[in-house]
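What Swiss-Prot says about this protein:
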- GLU145: active site, proton donor (ACT_SITE)
- CYS26-CYS41: disulfide bond (DISULFID)
- CYS35-CYS47: disulfide bond (DISULFID)
- CYS40-CYS54: disulfide bond (DISULFID)
- CYS59-CYS63: disulfide bond (DISULFID)
- CYS101-CYS163: disulfide bond (DISULFID)
- CYS175-CYS183: disulfide bond (DISULFID)
- CYS282-CYS314: disulfide bond (DISULFID)
- 24-65: domain 'Chitin-binding type-1' (DOMAIN)
- PRO67: 4-hydroxyproline (MOD_RES)
- PRO69: 4-hydroxyproline (MOD_RES)
- PRO71: 4-hydroxyproline (MOD_RES)
- PRO72: 4-hydroxyproline (MOD_RES)
- PRO74: 4-hydroxyproline (MOD_RES)
- PRO75: 4-hydroxyproline (MOD_RES)
- 1-23: signal peptide (SIGNAL)
Amino acid sequence: MRLCKFTALSSLLFSLLLLSASAEQCGSQAGGARCPSGLCCSKFGWCGNTNDYCGPGNCQSQCPGGPTPTPPTPPGGGDLGSIISSSMFDQMLKHRNDNACQGKGFYSYNAFINAARSFPGFGTSGDTTARKREIAAFFAQTSHETTGGWATAPDGPYAWGYCWLREQGSPGDYCTPSGQWPCAPGRKYFGRGPIQISHNYNYGPCGRAIGVDLLNNPDLVATDPVISFKSALWFWMTPQSPKPSCHDVIIGRWQPSAGDRAANRLPGFGVITNIINGGLECGRGTDSRVQDRIGFYRRYCSILGVSPGDNLDCGNQRSFGNGLLVDTM
């Protein structure tokens, strides 16, 4: 009997040690990170959907009923506008309002700043180097998704980010049967906005997280610039196991497991490309799409006055698996 008690006590202590060693998942305890799939963020910084997470007095953000409380700015943070000014935004996305660009007049600095207020950890976590790299990485990845540049384009190919708004060609409806995220009649879930979010199973949880019904109104991502930026920031800040969030990677919070190291997934910009589209672009040696992302990143780091860091490529990384965007590329 004493042995049983000792074993039970040991198990309990081991569980508590594991819990204490785990990093919080959301809210002010996690740099303003948001819970995935519409889960509530508890006052202690954990994601869930029971009363302990969502109930009055227990929920700090993404709570049911009413507006989402804004977590306080995390330590080491600060005003996003002090890192990227309106003039820098215009310099980075120099040709976004070119007459040839579908997104002319849509993507604005004010819309970006307003959207970022819903994700207070973005661009405000860590030291100045981490903050600048996050902004450079976010705009590099989204610029690749929306680029209108070409090799001999005026000012170079990396001055043409945010040219496109909707997926080009003749996209399908991207509707996958789902009981949780059912497709609305007549709606299409092709790529839209900075990150080109696609599929009903992404529009659904994204809409829930930002407080908009995107299943019934997917084109809000292409008609409301604040919602458009929020869709990209939601993707950026949201982890999808086994993948970390892009945010956690670029600020240095993510630490690779033994499995990640065996797959050559080491902290740096390359892992973010793996998160976004690793199934098609990573582990293939030199890939022009990966190099395009890196080209944008290097340019934006130069404008922001920060070094790009290490591990920019994913050519020798094994993929995490299918990304949110893999079927749209």
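In case you wondered, yes, glycine gets a Cβ from its N, Cα and C as well.
Annotated features taken from Swiss-Prot, shown on the structure.
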{"residue": "CYS26", "record": "disulfide bond", "Cβ neighbours (10 Å)": "30"}
{"residue": "CYS35", "record": "disulfide bond", "Cβ neighbours (10 Å)": "26"}
{"residue": "CYS41", "record": "disulfide bond", "Cβ neighbours (10 Å)": "31"}
{"residue": "CYS59", "record": "disulfide bond", "Cβ neighbours (10 Å)": "22"}
{"residue": "CYS63", "record": "disulfide bond", "Cβ neighbours (10 Å)": "18"}
{"residue": "CYS101", "record": "disulfide bond", "Cβ neighbours (10 Å)": "19"}
{"residue": "CYS163", "record": "disulfide bond", "Cβ neighbours (10 Å)": "21"}
{"residue": "CYS175", "record": "disulfide bond", "Cβ neighbours (10 Å)": "16"}
{"residue": "CYS183", "record": "disulfide bond", "Cβ neighbours (10 Å)": "22"}
{"residue": "CYS282", "record": "disulfide bond", "Cβ neighbours (10 Å)": "29"}
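Here the C-alpha separation of CYS35 (disulfide bond) and CYS175 (disulfide bond) works out to 24 Å. Look at the Cβ of each of the disulfide-bonded residues CYS40, CYS47, CYS54, CYS314 and count the other Cβ atoms within 10 Å; the largest number goes with CYS314. If you draw a 10 Å sphere around the CB of GLU145 (active site, proton donor), it holds 24 other CB atoms from the protein chains shown. In this structure the alpha carbons, written CA, of CYS41 (disulfide bond) and CYS47 (disulfide bond) are 5 Å apart.
When the CA atoms are compared, the disulfide-bonded residues lying within 10 A of CYS40 (disulfide bond) are CYS47, out of the candidates CYS47, CYS183, CYS282. Taken residue by residue with DSSP, CYS54 (disulfide bond) is part of a helix.
Cα of CYS314 (disulfide bond) to Cα of GLU145 (active site, proton donor): a span of 17 Å. Broken down by DSSP into helix, strand and coil, the domain 'Chitin-binding type-1' (24-65) contains 10 helix, 10 strand, 22 coil. Counting only the Cα atoms, the space from CYS163 (disulfide bond) to GLU145 (active site, proton donor) is about 9 angstrom. Using CYS47 (disulfide bond) as the reference Cα, a 10 A cut-off selects CYS26 from the recorded positions CYS26, GLU145, CYS282. If you measure from the Cα atom of CYS282 (disulfide bond) to that of CYS26 (disulfide bond), you get 29 Å.
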